[in-house]
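Copied over from Swiss-Prot:
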type	residues	note
BINDING	18, 90, 177	Cu(2+) binding site
BINDING	166, 175	O2 binding site
DISULFID	59-180	disulfide bond
DISULFID	150-233	disulfide bond
CARBOHYD	132	N-linked glycosylation site
SIGNAL	1-17	signal peptide
């Protein structure tokens, strides 16, 4: 009985160290869980994706091809916030990507396959070269990104991604926590140069320097985010 209880407690502790992104908050309007965000496979376990060649690295959908019930609307230049359940509990970078639904599709029907994704944000650590490396998103219960004001209006998938690097010193050790929100963007100028478009899977290799990474020792002096550079207006 004691052994069973101990195993259960360990499993619960493991789940608590993991996290999901279940809701959006736009202009103070908080969606319900998995209402504007496609429900992820880890909605219960909170566990990560670890295989960058898996289709799950795209949106981590529990039921691929099944959209979220609603599409959120945001003004170009506005901010989209994702809630984190319970919080970001591992060290690593936060990144956001967008992909525009082609003509004839909506954010609900668009699957985000192929070279359609462009990065709009990435962060990195401070304290490199010291024993006190910190990451901007650590401990956050919500994370936000500004939609480029020069983006073209239309329907998009917005992909939030946090890469946990605490076990990333071996291939397959990095943990990816991610989700895709369904958006309609209004009011953009359409002048954005999206630069390099990438696919998920395909954008990352398990041996990319920002994915296969020794966080603790020897103490790192640099960090290179995986994927393309973020776009800007």
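Cβ from N, Cα, C; glycine included.
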* To do: With H, G and I counted as helix, E and B as strand and the rest as coil, say where DSSP puts residue 166 (O2 binding site).
  => coil
* Asked: Minimum Cβ neighbour count within 10 Å among the disulfide-bonded residues 59, 150, 180, 233: which residue?
  -> 233
* Structure fact -> argmin Cα dist to residue 150 (disulfide bond) over the binding-site residues 18, 90, 166, 175, 177 returns 177
* Of 18, 90, 166, which of the binding-site residues has the most Cβ neighbours inside 10 Å? -> 90
* To do: Can you see whether DSSP assigns residue 177 (Cu(2+) binding site) to helix, strand or coil?
  => strand
* Asked: What three-state secondary structure does DSSP assign to residue 233 (disulfide bond)?
  -> coil
* **Which of 132, 175, all recorded positions, has a Cβ with the fewest other Cβ atoms inside 10 Å** => 132
* Asked: Nearest to residue 177 (Cu(2+) binding site) by Cα, among 59, 132, 166, 233 (recorded positions)?
  -> 59
* Structure fact -> CA pair the residue listed as 'N-linked glycosylation site' / residue 180 (disulfide bond), Å rounded to integer, equals 32
* **Cα-proximity to residue 90 (Cu(2+) binding site), 10 Å cut-off, over recorded positions 59, 166, 233** => 166
* For the Cu(2+) site given as 18, 90, 177, which other residues of the same chain have their Cβ within 8 Å of the site's Cβ centre? -> 17, 19, 46, 47, 48, 88, 89, 162, 164, 175
